[in-house]
Amino acid sequence: MTTLADYLNQHATNPALNDVITTVTDVGKTISQLLRKGALADILGEAGNQNVQGEDQKKLDVLANDLLLDALAKNAHCAGVASEELDDATPANDDGSLLVLFDPLDGSSNIDINMAVGTIFSVLPYERQGQTSENSDYLQAGNKQLSAGYLLYGTSTVLALTIADKVVMFSLDPETSDYVLIEDNVQIDADTSEYAINSSNYRYWRAPMQQYIDELIAGETGLRGRDFNTRWVAAMVGDVHRILCRGGLFTYPFDTKYAHKAGKLRLMYEANPMSLLIERAGGGATDAINRILDIEPTDIHQRVPVVLGSKNEVNYVKELHVNYSK
Ligand code: AHG
Ligand code: MN
Ligand code: MN
C-alpha cells in the first residue's frame, strides 16, 4: 500500500510542493466529511451572496473557499492564493515560492441534490519571493504549472494528481483518513464513443460545434459511421474523472449566451489544471483550436471555451473549426 505521503516523498523533488499539496488534500478530507454529513451539517443551500463572476454562492462554495484559504495562508511555502470565489488574489507568505489557485467547489448545482462535486487546484511558481504577491503574479500560462489536481467527492473521495510527468489517483480511506494509491499511471485512449456537453445551449454555439454534435447524434447513419453516447455530470470534476477512467470528450464550447463571456469555464481554476492532467494522461485540451496550456492569461478570472479528452476526438473538433474558418 502506498499513501499520498509515501508517494510525495518518493516522487516530488520540491519539498515546498509536497507541503502545499498536503495542505490542500488535508482540507479535502474536511470537505469530504462535511459532504458525508450533508444536510445534518447545515451545509446545503444558498449563502445569499454573489461571487465576482455574478454567480449565486452556495454555503458550501463559501465554506470550502474559507477552509482552503485559511489553511494555505498558514503554509510558509504559499505566497498567495487565488480562488474562483474571491474578487482578488489573497497574499499569504511573502517568502513562499508557490502560488495556489483553486475552484473550491466545482459543480455547485449538484450539492443540494446529493450528486458529485469536487475541488480543483493548480500550483504555479512565485517569481518575486520576498515581496507581497499580487493578481499579476498569477498571469502565467498553464504550461508553467508545477502541479495540478482535483478531489472528486463522489460515491468515494478520489484524488487525481500530477507532479512530474505522470497522472496518479488515490482513494480516501474513510477508516484511516489516508489517501491510498489506486492508479500509478493514468492513460486515456485516443478514441472514444462517449461525449459530454450541455446540449441545451445548442443555439448559442458556433456552426462547427453544431456540426460536430449533429454528426455524433447522427451516429451510424451519418458520416462518423458509428453511434455515440452522451454522459453529463454537470460538474467538470466528474466529467474529467470519467474521461481519465475510460476516455471520452468533454466540452463547454464558446457560446453567445452571455455576450461578455467567451465560455463558461475559468482558465485559471478549471481549464488549466484539468488540461495539465488530461495532456499528461495522453489526451488533448484546446479551446477548440488552440492548446489551452499555451494561453497567456490577461485576467485571473478569465473564461475560455474548453474541448478536452481523447486525443483523436479533440483533434477532429479542431479540424472542423479550422476548416470552417478557412
Ligand atoms: P462551478 O460550480 O465551479 O461554478 O462550475 C460549474 C461548471 C462545471 O463544473 C460544469 O461543467 C458546468 O459548470 C455545468 O454547467 P451547466 O450549468 O451548463 O450544466
Ligand atoms: Mn467549477
Ligand atoms: Mn466553483
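Positions of Cβ are set from backbone N, Cα and C atoms, glycine also.
Just so you know, TrEMBL annotations never went through curation; they're auto-generated.
Taken from TrEMBL, the feature Mg(2+) 1 binding site applies to GLU84, ASP103, LEU105. All protein chains included, GLU84 (Mg(2+) 1 binding site) registers 23 other Cβ atoms within 10 Å of its own Cβ.
Per TrEMBL, the feature Mg(2+) 2 binding site maps to ASP103, ASP106, GLU270. The Cβ neighbour count for GLU270 (Mg(2+) 2 binding site), using a 10 Å radius and every protein chain shown, is 26.
What TrEMBL lists as substrate binding site is ASP106, GLY107, SER108, SER109, ASN198, LYS264. The Cβ of GLY107 (substrate binding site) has 20 neighbouring Cβ atoms from other residues within 10 Å, across all protein chains displayed.
According to TrEMBL, the feature domain 'Fructose-1-6-bisphosphatase class I N-terminal' maps to 14-183.
As annotated by TrEMBL, domain 'Fructose-1-6-bisphosphatase class 1 C-terminal' applies to 188-320. Note on the domain 'Fructose-1-6-bisphosphatase class 1 C-terminal' (188-320): mean pLDDT across this stretch is 97.
Listed in chain order, the extra residues whose Cβ falls within 8 Å of the Cβ center of the Mg(2+) 2 site residues ASP103, ASP106, GLU270 are GLU84, PHE102, GLY107, GLY118, THR119, ILE120, TYR150, MET236, VAL237, LEU265, ARG266, TYR269, PRO273. For ligand 3, the neighbouring binding-site residues among ASP106, ASN198, LYS264 are ASP106, by Cβ distance under 6 Å. Excluding GLU84, ASP103, LEU105 themselves, the residues of that chain whose CB lies within 8 A of the CB mean position for the Mg(2+) 1 site are, in sequence, ASP61, ALA64, ASN65, SER83, GLU85, PHE102, PRO104, ASP106, SER108, THR119, ILE120, TYR269, GLU270.
Nearest Cα neighbour of ASP106 (Mg(2+) 2 binding site) among the listed binding-site residues (GLU84, ASN198, LYS264): GLU84. The substrate site is set by ASP106, GLY107, SER108, SER109, ASN198, LYS264; from the centre of their CB atoms, other residues of the chain with a CB within 8 Å are ASN110, ALA234, ALA235, MET236. Checking the binding-site residues SER108, SER109, LYS264 against ligand 2, not one has its Cβ under 6 Å from it. In space, GLU270 is the closest of the binding-site residues SER109, ASN198, LYS264, GLU270 to ASP103 (Mg(2+) 1 binding site), judged by Cα positions.
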